[in-house]
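Report on the following structure.
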């Protein structure tokens, strides 16, 4: 079964909590803080694999959770990091946000990886908070929560050649004759309900992959027939093989069919009609096939300056020449694709002065707003600080308040008129403001 769309939930591991511990000796019975840091939560990693050809695996399993980091230990020992989870996807998978508006990554190359959910940081143990003013801290941080989200997966086939044409022009029969693929073949429309891949082997090892795209009809770009679902697969092909039926048995005009399919491709994505194209006239073994082919050939030479190859997928006539033509066209395309300028990349000269934000300044950035009866603080660092603070520990709250003073958070709150007892919200954390 071929499945090219799926939706999965990923959850990275939470960071382990820091340890509160004191190393006591006969000489020092009070003890020296030696609580270690918690381990980092495991990541959820997407990885492209040539061993996967469909998203079928995600029909039964849609939740993927990495391990949490372990808690810190005494003697300043760090807790064990959580184990990552690897999610294997077929090459050509497009990963989008839950809403589907933003593309996160295209996984095209075998082995390509993308961290889709990052594990939380481990909380620092009390040994990390020792200072001149704080000799024996009795608090540690909680582990940071790991990222979690729903993502949409969309598979776009990685084929060299995509065969397009109206239903029943012989695409499946052609694929079965030039490769080892065995698609379903019958004399009724939409026999092929899913794209089928076949490897074509050429004598001089110029092997390539061909995809039989289910038959397109007029209005395919609007979702008519099966077209909209499969037009996207043509985007990844290097070459388009347009197959026409010249048998004259269906009552259809191959020239009108050609124009209709080209129009559908253009309306789905104008770039598709810029792809290298090879046209083949199928079913020349029929009584009217030869005559109709000559008309089609004359038309293409006059209108497009493009030749058409005569073939019969049923008898095998012309197939060897067709395969050679496809291999030659692919070689030309690949040579043009790799003809990049030589030498190192040139530096870009900025014409205007721009303010460059360092990682530190971006991390420290925050904003404070009063929303109804709450003072809402937003910012990466302040949100992480609040989330990892043990609000039941007075020393930990005091440390967080000192950090807010250092960052200027408390100053901004006072500018907005905050009073003791007012509610402060930072991420998922809420507490009362205390002078």
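Any Cβ shown, glycine's included, is placed from N, Cα and C.
Here's what TrEMBL has on this protein:
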- 1-158: domain 'Obg' (DOMAIN)
- 159-331: domain 'OBG-type G' (DOMAIN)
- 165-172, 190-194, 212-215, 282-285, 312-314: GTP binding site (BINDING)
- 172, 192: Mg(2+) binding site (BINDING)
- 357-435: domain 'OCT' (DOMAIN)
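Mapped onto this structure are the features recorded in TrEMBL.
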residue	record	Cβ neighbours (10 Å)
165	GTP binding site	25
168	GTP binding site	21
171	GTP binding site	29
172	Mg(2+) binding site	24
214	GTP binding site	25
283	GTP binding site	27
312	GTP binding site	21
By DSSP, how many residues in the domain 'OCT' (357-435) are helix, how many strand, and how many coil?
35 helix, 18 strand, 26 coil
According to DSSP, does residue 172 (Mg(2+) binding site) sit in a helix, a strand, or coil?
helix
Express the distance between the Cα positions of residue 172 (Mg(2+) binding site) and residue 214 (GTP binding site) as a whole number of Å.
9
DSSP output for residue 283 (GTP binding site) maps to coil
